Amino acid sequence: MAAESASPLQYQSGFGNEFSSEALPGALPQTQNNPKTCPYGLYAEQLSGTHFTAPRVLNRRSWLYRIRPSVTHEPFHPVNFPNETLTADFSGGTVTPNQLRWRPFPVPAEPVDWVRGLFTLCGTGKAATKEGFAIHVYACNQSMDTSALANADGDFLVVPQQGALRIKTEFGLLDVAPGEIAVLPRGVRFAVVLRCAAARGYVLETFQGHFTLPDLGPIGANGLANPRDFLHPVAWYEEVEGVSYNVLHKLEGHLFTAAQTFSPFNVVAWHGNYAPYKYDLARFCPVNSVAFDHPDPSIFTVLTVPGLVPGSPPTADFVIFPPRWLVAEHTFRPPYYHRNTASEFMGLIRGQYEAKLDGGFLPGGASLHLCMTPHGPDTATFERAAGDGASASSDGPKHLGHDTLAFMFETTAIPRITPAALGCPAVDRDYYKCWVGLKSHFDPTAVPGKAKLAHGGAAAPGAGPCANGNGGGAEAGKGSSAAAVAAEPAGVNV
């Protein structure tokens, strides 16, 4: 039996790579995938994450070499505990144009493991047709010591907020702490072991496709999440026999369990491109405005699930708002007021989100704004950010602070909210009040400053209405027409 190490784990780095790993030397067959007899008397088993004829660039599969095959178990039966708060079909969910917010979800008082602690908030589509996604939170205080879960419905993207996790998988071990994420592909068996007394976090489950890195376009070859920073496990196995082990199976949102007498984590070697992985969000290289205006949040996309049709909107994006410098001049720096065709689910891992100073958006809580629902900074944020606009120091560089980290699950689909999510005690019924204090600042008698450029900045030295590109001289009378227009008094109809 390979011991579960207490020292830092070893990983393989890269995104979308063909990996190979063996816990015993020579355990991987050479030159073929399923020889008549595998080394060490192991069983060969393929795990496919895409249909067999998918284009090579999209095809996902791995070969596992294990002590016993995963087919060796008793028949599955429905679990003997209720799971009404877990769903993978949102045809009966609720839609609302109201802004929604939840206070931090409490950690249960009774013993609850990670699977029992899953709570579905919203989603779209259904797992039965492999379309759409689900958003869950989890809160638990017990490790999965003699159980494992295989999710046949889709991929899990796990975002811990409180409490570090050790995730046992068929491919090896992952240590995932708040500030990191883990992706557990469809069908991979895993167990969550708590490294602290309790754990809480968020989960994005996609029923179709797989997570990938977004294209960078004009950004170029580097930036955002770099492929080398994604870490995959190395082979690790348990040779445990004669125990009572429960393998849970999630199918169309329903949980089933089957008993077996050995650990499912008995894979001695594996190779392929379909495997779980983790990523440290501190390694994200953000891109931001260095002149003026507030860019769209898409520049902070870590992972995306592309649409099924090339060129169609993605199924979902995972976006973060990391610590970073704000340097845009003459700009309202917090997120502006907006209405989106996309829907936005936000969570807070630590600190304070830059657009919410009212104290209602807390670590472990969440907010949801559906398609075209207006939202943006609360009253306190607006007054602080806009009120010091006349101050020379307001345009100076400012750092958001290393103690803040928020994220967003964004989708062009319209999520439906579960009845349990609408009726739970964590719902913030007074969320709308954070905007009630916004007042009119309109003054029709105010005339914008004469010495302002078109974008609102102060005129540069020597850039008066008679200056030319060389700062004056014989051609000064032929100054820029834009500068001349900017110097004219502005009326209310301009």
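Each Cβ is built from the backbone N, Cα and C atoms, and glycine gets one as well.
Positions annotated as active site, proton acceptor by TrEMBL: His294.
According to TrEMBL, the feature Fe cation binding site maps to His338, Glu344, His375. Under a cutoff of 8 A between CB atoms, and with a sequence separation of 6+ in the same chain, the neighbours of Glu344 (Fe cation binding site) are Ser367, Leu368, His369, His375, Met408, Phe409, Glu410.
Over all protein chains present, the Cβ of Tyr353 (homogentisate binding site) has 24 other Cβ atoms lying within 10 Å. Residues annotated as homogentisate binding site in TrEMBL: Tyr353, His375.
Per TrEMBL, domain 'Homogentisate 1,2-dioxygenase N-terminal' is recorded for 10-281.
TrEMBL lists 283-442 with the feature domain 'Homogentisate 1,2-dioxygenase C-terminal'.
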Quiz question: given the recorded positions His294, His338, His375, which has the greatest number of C-beta atoms lying within 10 angstroms of its own C-beta? His375
Just the number: how many Å between the Cα atoms of His338 (Fe cation binding site) and His294 (active site, proton acceptor)? 12
Using an 8 Å cut-off from the Cβ centroid of His338, Glu344, His375, can you name the remaining same-chain residues around the Fe cation site, in sequence order? Pro335, Arg339, Asn340, His369, Thr373, Pro374, Gly376
